[in-house]
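Report on the following structure.
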Amino acid sequence: MNRRLVILVADSAGCGALPDAAAYGDAGSDTLGNTSRAVGGLSLPVLGAMGLGHVTAIQGVPPDPAPTAFHGRMAERSEGKDTTTGHWEMMGVVLRQGLRTFPGGFPPEIVEAFVRETGAPGVLGNTVASGTVIIQELGEEHQRTGKPIVYTSADSVFQVAAHTDTVPLETLYAWCRTARRILDPWRVARVIARPFVGTPGKYARTYDRKDFSMPPPATTVLERLVEAGVPVVGVGKIPDIFDRRGITEEIHTAGNADGLARTAALLDRVDRGLVFVNLVDFDMLYGHRNDPAGYARALEELDRALPAILDRLGPGDLLALTADHGCDPTTPSTDHSREHVPLLVHAPGRGGGDLGTRTTFADLGATVAEYFGVRSDVGTSFLAEVTR
């Protein structure tokens, strides 16, 4: 009898440019492949045995001739290359119109409404920036004036950074809730609270980041699961991405190691339902910072942690490992990249095989839906291929 399905999203671990990547400025991007070559090879014995070497050319991870899992890759059908778009498509919501971006900063009507309705003394920044860089550039002025640092990226995001000694965490969250309401008509995917700590020149972001997402514009597979009485545990930023819709339990995490440990612990007590996990460090700490060595270490950390999760799965359980977009740390850009994403599916006792290139991330959601016996409107399930 079907019991549990685990989805691990290695945030940003793309595996090669999509055909339209050049239109996004991402020709040649291959987060996994380019990272492996930048560091002289990766040591990923578990992922390699599962078939990761089949999805793109990864130095140190050759294609295993007898993989233990089913392997393939997925292409994004929606416009965009961001976290929200990728996760929504995985759960059956394909965006025909891309979410709005602000390459020139936010217009006065947005900024003025934010200042007026939050009571903030003004804002600093209002530009496209790397979050780790802008807090070093403006952090001292922020602490002196109390003005939050507002910035965006190539993605549809309104980010608000504040030092926790200057703006209490709950105040920052309240400001972001206000921004979320202001920005709904503008089709901005996420408002992100970016708390940081430290002293001038040594500022560092914390894991108390919080995302305030635009609600999905259509019913997701997650919502259908909950309507059918299927438990859905969101680990990491999953609840934020879906505006807490279709989630029955939330697990906050402090990075990849914590998220992986909590996932293993969940499998000791959860005997039915979906466990949906986002592992954010790949993207937040290494992809956006163009740090291939750190990215490689995080991949190897994931590889070492996987056995504790795989060993807790029994007959009828499934585990799918994928990503939501790319963020190639070897390219000049510090933004996300428009890439295929890997798809590894472990079905205990079933061996492995080739799932090919799926034409939409929604194939994963269709598979989840079929596994639990609910309806899906988008995508083609591969459940029969991994359970035959």
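Backbone N, Cα and C atoms are what each Cβ position is placed from, and that goes for glycine too.
Values in this document were obtained by computation on a predicted structure and should not be read as measured data.
Swiss-Prot lists D11, D324, H325 with the feature Mn(2+) 1 binding site. Annotation source Swiss-Prot lists Mn(2+) 2 binding site at D283, H288, H336, citing sequence analysis.
Features as recorded by Swiss-Prot, highlighted on the structure.
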residue: D11; record: Mn(2+) 1 binding site; DSSP class: coil
residue: D283; record: Mn(2+) 2 binding site; DSSP class: helix
residue: H288; record: Mn(2+) 2 binding site; DSSP class: coil
residue: D324; record: Mn(2+) 1 binding site; DSSP class: coil
residue: H336; record: Mn(2+) 2 binding site; DSSP class: coil
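Those residues of the chain, other than D11, D324, H325, with a C-beta within 8 angstroms of the mean position of the Mn(2+) 1 site C-beta atoms are V9, A10, S12, A13, G14, D82, T83, G86, H87, D283, A323, G326, C327, H336, V341. Distances between the Cα of D11 (Mn(2+) 1 binding site) and those of the binding-site residues D283, H288, H336 are shortest for D283. For the pair H325 (Mn(2+) 1 binding site) and H288 (Mn(2+) 2 binding site), the C-alpha distance works out to 12 angstrom. Cα of D324 (Mn(2+) 1 binding site) to Cα of H336 (Mn(2+) 2 binding site): a distance of 10 Å.
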